[in-house]
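S.K.: One structure is given below, represented as structure tokens, and several questions about it will come after.
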Amino acid sequence: MKQASTERSDPYARVFGSRYSKGCMPQSSLSKPVAAQSSPPDLVLVWDLDETLVTFHSLINGSFAAGAPLQVQEATLELGKRWEHAALDLLDTHFFYDELDGHNVEHIDDAGISRTGEGPNPIRQDGRAGSVAATWASVQQRYQQGIATLARQGQMELWVHLYNDTDTLTRGWLRHAAQLLQDCTAAASAAPEAAATSAGAELPASRRVANILVSAGQLVATLAKLLLFRLDRFFPIQNIYSSAVHGKQECFSRIRQQFQHSAKFYAIGDSDEELWAAESQGWPFVQINTSESSWRSLQAQAISDPRQAASCVFQHPLAHLTSAILLSEYQL
């Protein structure tokens with residue numbers, strides 16, 4: 001029987017991983033690239049997850065509400081416990097975490113899944129036996145089917161309450177993130193048509209935007225969190241990476257290779273690791289401002305000058321970040 005690892009003994013670390021420490025650059029690897037799309041997007045937005053699109057770690061450790069009234073701090077910690085329980089339960093019940101422990105992959109293409117579901121790596125039917133690749137195939141299938149198919153009786157209502165309670169405490173953070181993802185795609189698609197109308201020139205009817213997610217957590221944990229936070233509709237499984245394997249610099253390099261014919265890239269995150277990775281590729285970086293407590297950032301007025309001293313680095317609290325700001329350098 002396999003001895004539990006240190007990470008496995010700590011439920012939080014086991015599921016969600018940890019960032020590389022500041023000042024430590026991740027090493028590159030020789031992982032295989034993902035096949036490029038036949039029709040590449042014009043704009044690739046590379047998103048971080050925690051404390052960028054969602055509040056998660058800062059709820060669990062309470063840092064989100066630092067400096068807030070005591071009742072807000074207590075409510076924050078309670079929400080963190082509920083999120084941790086929900087994610088662990090979903091992983092253990094539906095995403096085969098015990099069997100995938102020690103088998104994290106950077107991208108689903110690294111899992112060895114048969115494209116047909118036949119042959120050496122069939123999609124497993126029983127939830128117990130089967131190869132690691134077959135287990136990953138089942139995880140992929142369940143992610144693509146959506147969270148409603150996984151909920152036990154009464155569980156969906158609990159997840160809805162958890163989402164709504166979090167969105168209320170964070171003053172709309174979750175809904176704003178979802179709207180931002182939707183608006184970026186809509187703005188990019190609509191802009192060429194508007195430009196053609198005003199200039200009288202023939203331009204493409206639409207421009208394609210690809211939303212890519214690079215999470216510091218394990219891939220299977222990231223998939224579970226995307227379902228719970230209702231962001232799976234924006235991120236097909238082929239557009240999701242785990243930097244827990246080789247770090248974000250390697251993931252960003254791989255994304256550039258995947259979308260090598262795309263015109264423009266942007267990275268959006270909250271940490272130095274994402275900044276370093278973006279700089280290594282020459283990409284503009286939009287930094288979600290968490291230098292003070294997130295609670296205090298939500299009280300602040302929109303900053304008058306979004307451009308900070310660092311070249312190509314823009315700092316905003318998420319609540320102040322809009323598609324117009326994000327796409328301004330793309331001239332949409």
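For all residues, glycine too, the Cβ spot is worked out from N, Cα and C.
TrEMBL does not curate its annotations; it predicts them automatically.
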S.K.: With D48, D50 listed by TrEMBL as binding Mg(2+), identify the candidate in D270, D272 belonging to that site.
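M.R.: TrEMBL names D270 for this Mg(2+) site.
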S.K.: Inside 10 Å of the Cβ of D48 (active site, nucleophile), count up the other Cβ atoms and send me the figure.
M.R.: 25
S.K.: Looking only at DSSP and grouping its letters into three states, which state does D50 (Mg(2+) binding site) belong to?
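M.R.: It is in a strand.
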S.K.: In the same chain, outside D48, D50, D270, whose C-beta lies within 8 angstroms of the Cβ mean position for the Mg(2+) site?
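M.R.: For the Mg(2+) site, the extra neighbours are L49, E51, T52, L53, A216, G269, S271, E274, I288.
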S.K.: Including all protein chains shown, what's the count of other C-beta atoms within 10 A of the C-beta of D270 (Mg(2+) binding site)?
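M.R.: The answer is 23.
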S.K.: Quick one: pull the CA-CA distance for D270 (Mg(2+) binding site) versus D48 (active site, nucleophile), whole Å only.
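M.R.: Answer for this pair: 8 Å between alpha carbons.
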